[in-house]
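Asker: Attaching a single structure in structure tokens format; questions to follow.
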Amino acid sequence: MERSYQVNQQGHLTIGGLDTVKLSQKYGTPLFVYDVNHIRQNARAFVEAFRAHNVKAQIAYASKAFSSIAMVQVAKQEGLSLDVVSQGELYTAIQAGFPMERIHLHGNNKSKEEIEMAVEQQIGCIVIDNFYEIELLQQVLQEKQSTMDVLIRVTPGIEAHTHNYILTGHEDSKFGFNVNNHQATEALTTLLKIDRITVKGVHCHIGSQIFETDGFEMAVQRLYQMINEWKNSFQFETDVLNVGGGFGIRYTAEDKPLPLHEYVDALIKEITQQVDHYQLTFPEIWIEPGRSLVGESAVTLYKIGSIKEIPEVRKYISVDGGMTDNIRPALYEAKYEAVVANKANQSPDEKVAVAGKACESGDMLIWDIDLPKVKNDDILAVFSTGAYSYSMASHYNRFPKAAIVFVEDGHDALVVKRETYEDVVQNDLFYE
Ligand SMILES: Cc1ncc(COP(=O)(O)O)c(C=O)c1O
Ligand SMILES: N[C@@H](CCCC[NH3+])C(=O)O
């Protein structure tokens with residue numbers, strides 16, 4: 001989906017038709033601004049892609065990318081399912097009134113409390129990750145005299161490294177059951193013996209920010225070897241094949257994401273071939289997009305403060321946020337693009353570096369970017385911050401977390417309040 005940014009007559013950047021400079025004045029900075037229409041278009045692109053093939057599917061928004069009550073409401077409105085990884089994400093979904101039967105619980109170390117909550121809420125399914133969890137789930141189901149549908153998360157030995165794939169004979173991952181050493185099959189046989197558990201199928205996730213379809217195709221091929229063995233050995237047929245998320249987005253001009261339907265088209269083509277080859281039943285397909293639904297839908301607005309020039313070295317412009325609202329540059333050397341929101345019609349004059357305000361040399365948002373000459377109080381808009389920014393925010397240096405605004409149809413709405421200093425110390429107790 002094209003990003004909905006434009007420049008208005010004042011030379012200000014607009015998102016979803018609203019002036020970002022005015023939004024920064026109204027709500028303060030740092031501020032996340034989401035174009036809700038953009039999220040909806042992405043969701044509909046996935047829904048439509050499956051519909052075009054007449055394939056039954058669940059598109060589960062991976063809420064780890066950005067979870068808030070308002071975001072979960074939008075996912076519900078668009079008919080998506082929801083992937084949650086913790087009690088916190090599940091609690092958010094409950095508060096948002098999300099249909100429990102469309103929730104899938106993930107996690108490589110689910111606690112008994114998390115499993116209990118999932119069973120009590122009768123969520124759609126638990127994605128089983130390890131043998132210990134099978135014991136815990138069995139115990140909880142017994143205690144609560146309940147039942148649960150599950151998928152088995154497997155690691156097929158294919159790992160995506162953004163632009164290419166590594167085939168690993170021995171899979172070294174904290175997630176899921178290994179296919180190659182038959183732990184996945186052992187998990188199946190263990191689960192099949194438990195009356196209160198119904199195995200609906202298989203899950204795998206090969207990585208994130210992936211720009212090609214061949215890694216998904218390779219994973220499907222490997223999975224079908226296993227699924228066919230399961231059919232022959234245990235007469236077990238998978239009703240559901242969940243191929244995870246990972247569809248890439250554009251952070252900078254170097255990123256060339258595919259239109260979302262191309263991933264779906266390729267997956268359906270490969271699954272069709274495999275099903276025909278092994279003469280199996282076509283499964284329901286589930287996917288778990290996070291970044292591709294929300295990543296490009298948001299900008300972060302910052303106010304520029306200090307400007308430091310080291311002659312012949314670098315010019316640093318510092319903003320009023322940084323790694324505490326977007327850890328990705330520090331954590332993954334992730335690259336971002338930005339514009340000066342109040343000078344969006346001006347051409348660049350100089351190369352600068354954008355620094356955050358945390359007490360950490362690595363707190364840099366962008367190392368090299370061409371911008372028009374900036375001064376204090378200018379507003380910087382960093383693009384594509386909708387995924388894994390707010391959701392990975394921290395209180396380092398006791399900075400309060402930023403606010404979030406949704407814009408749609410010419411309206412803006414505050415959906416996450418800016419934290420106050422009272423919020424920052426709310427759990428602190430005096431030592432007496
Ligand atoms: C199991 C699982 N599903 C879905 C996702 C979402 O990935 P993405 O945000 O890249 O679509 C992730 C994150 O990588 C994941 O670990
Ligand atoms: N948080 C990561 C991706 C991890 C996805 C979840 N398994 C990022 O920002 O790119």
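Even glycines carry a Cβ here, placed using N, Cα and C.
As annotated in TrEMBL:
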type	residues	note
DOMAIN	32-386	domain 'Orn/DAP/Arg decarboxylase 2 C-terminal'
DOMAIN	37-294	domain 'Orn/DAP/Arg decarboxylase 2 N-terminal'
MOD_RES	Lys64	N6-(pyridoxal phosphate)lysine
BINDING	Gly246, Glu288, Pro289, Gly290, Arg291, Tyr388	pyridoxal 5'-phosphate binding site
BINDING	Arg291, Arg328, Tyr332, Glu360, Tyr388	substrate binding site
ACT_SITE	Cys359	active site, proton donor
Asker: Quick one: of the binding-site residues Pro289, Arg291, Arg328, Tyr388, flag those whose CB is under 6 Å from ligand 1, and say none if nothing qualifies.
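Answerer: Checking each Cβ against ligand 1, the ones under 6 Å are Pro289, Arg291.
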Asker: Let's check the environment of Tyr388 (pyridoxal 5'-phosphate binding site): how many other CB atoms sit within 10 Å of its CB?
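Answerer: Taking all protein chains shown, Tyr388 (pyridoxal 5'-phosphate binding site) has 23 Cβ neighbours within 10 Å.
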Asker: How far apart, in angstrom, are the most distant Cα atoms among the substrate-binding residues Arg291, Arg328, Tyr332, Glu360, Tyr388?
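Answerer: Of all Cα pairs among the recorded substrate binders, the widest measures 27 Å.
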Asker: Does any of Gly246, Arg291, Arg328, Cys359, Tyr388 have a Cβ within less than 6 Å of an atom of ligand 2? These are the recorded positions; tell me which, or none.
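Answerer: Once distances to ligand 2 are taken from each Cβ, Arg328, Tyr388 fall under 6 Å.
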Asker: Centre the Cβ atoms of Gly246, Glu288, Pro289, Gly290, Arg291, Tyr388, go out 8 Å, and tell me which other residues of that chain have a Cβ in range of the pyridoxal 5'-phosphate site.
Answerer: Ala62, Lys64, Ala65, Ser208, Gly245, Phe247, Ser292, Leu293, Gly295, Ala387
Asker: Using Cβ atoms only, which residues of the same chain lie under 8 Å from Gly246 (pyridoxal 5'-phosphate binding site) while being at least 6 residues apart in sequence?
Answerer: Ala160, His205, Ile206, Gly207, Ser208, Gln209, Ile210, Pro289, Arg291
Asker: What is the separation, in Å, between the Cα atoms of Cys359 (active site, proton donor) and Arg328 (substrate binding site)?
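Answerer: Cα-Cα distance, Cys359 (active site, proton donor) to Arg328 (substrate binding site): 17 Å.
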Asker: Within 10 Å of the Cβ of Arg328 (substrate binding site), how many other Cβ atoms are there?
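Answerer: Other Cβ atoms found within 10 Å: 19.
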Asker: Which ones are near Arg328 (substrate binding site): of the recorded positions Lys64, Glu288, Gly290, Tyr388, which have a Cα within 10 Å?
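Answerer: Tyr388, listed in sequence order.
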